[in-house]
Amino acid sequence: MNARPKKSFGQHFLHDRRYIDRIVSAIAPRPEDFMVEIGPGEGALTLPLLAAAGRLTAIELDTDLIPDLRSRAATVGELHVIHADVLKVDFSALAHSHGAPQLRIAGNLPYYISSPILFHCVEHAAAIRDMHFMLQKEVVERMAAEPGSKVYGRLSVMLQLACRVEPLFDVPPEAFRPPPKVESAVVRLVPLPVGELHDAPPEHVHAVVKAAFGQRRKTLANALRQLLDADAIRRADVDPKARAETLAPADFVRLAKVYGGL
Ligand code: SAM
């Protein structure tokens, strides 16, 4: 316990009990839940989550933290530690190997890879019931941003097409050891039910959204030139003179369908 936090692993350990309690109450784990924690660290969230759920699977990249975590969890509940990079963990396979219950994922995420982790989780959204993450506040603002906002972009569109995004509360730097240079916030993500999901292939949506926001100051006719001409953009019911930041997530889905010839 109290190991020297490693910068390269994005280690900022939560120590303020009030915020730990607020996060655990927001998650409200129950004994039948299949809880998965990303980056348990020294166990600030792990132990109270384990106490409430009885079982928990934690994914940690830093080997040095694992023995202590295991011994502290031993009297609390059944902790299963996966020593791996979370980006290599197949959440759908993890759920299947336990009879396919939907996962409840939580974590005070390593900020240096927070966007890749979010995209990775979205890929496995069908296997996930909900997610509660601590992130940089600025990232949570981008995730929840609406069209027209300065911070509305690729992250907003891709997450909102897959999940309901619910910012919960802010957390100041002093709640962590060492304090990060930025403000943090906790967000809840609830994957949308199948009936509400769009029906365009994800790789086409990715391609269109990436190109559109790659040159966000340009008109769509310009930004999407490699993928769709002005007529094709009009066929998707979108104005080719509009800019990406004014489009709703559903507009990108229609563009992706035209791009895929659907
Ligand atoms: N949950 C702890 C807490 O709240 O005090 C630690 C949070 S700390 C911000 C992030 C944790 O993620 C660290 O334990 C770090 O070692 C771990 N981590 C970093 N990169 C990771 C990766 N690629 N896969 C899994 N865990 C990772």
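Count begins at 1; order follows the chain as displayed.
The backbone N, Cα and C atoms fix where each Cβ goes, and this holds for glycine too.
A quick note: this is a predicted structure, and the numbers were derived from the prediction, not measured.
Among the features that TrEMBL reports, S-adenosyl-L-methionine binding site is placed at HIS12, LEU14, GLY39, GLU60, ASP85, ASN108. Look at ASN108 (S-adenosyl-L-methionine binding site): DSSP puts it in a strand. Shown in sequence order, HIS12, LEU14, ILE23, GLY39, GLY41, ALA44, LEU45, PHE133, MET134 are the residues of the chain, 6+ apart in sequence, with a C-beta less than 8 angstroms from the C-beta of ASN108 (S-adenosyl-L-methionine binding site).
Taken from TrEMBL, the feature domain 'Ribosomal RNA adenine methylase transferase N-terminal' covers 19-193.
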Residue among binding-site residues GLU60, ASP85 with least C-beta crowding, 10 angstrom cut-off: ASP85
Fewest other C-beta atoms within 10 angstroms, as judged across HIS12, LEU14, GLY39, which are the binding-site residues: LEU14
Greatest inter-residue Cα distance in Å for the S-adenosyl-L-methionine-binding set HIS12, LEU14, GLY39, GLU60, ASP85, ASN108: 21
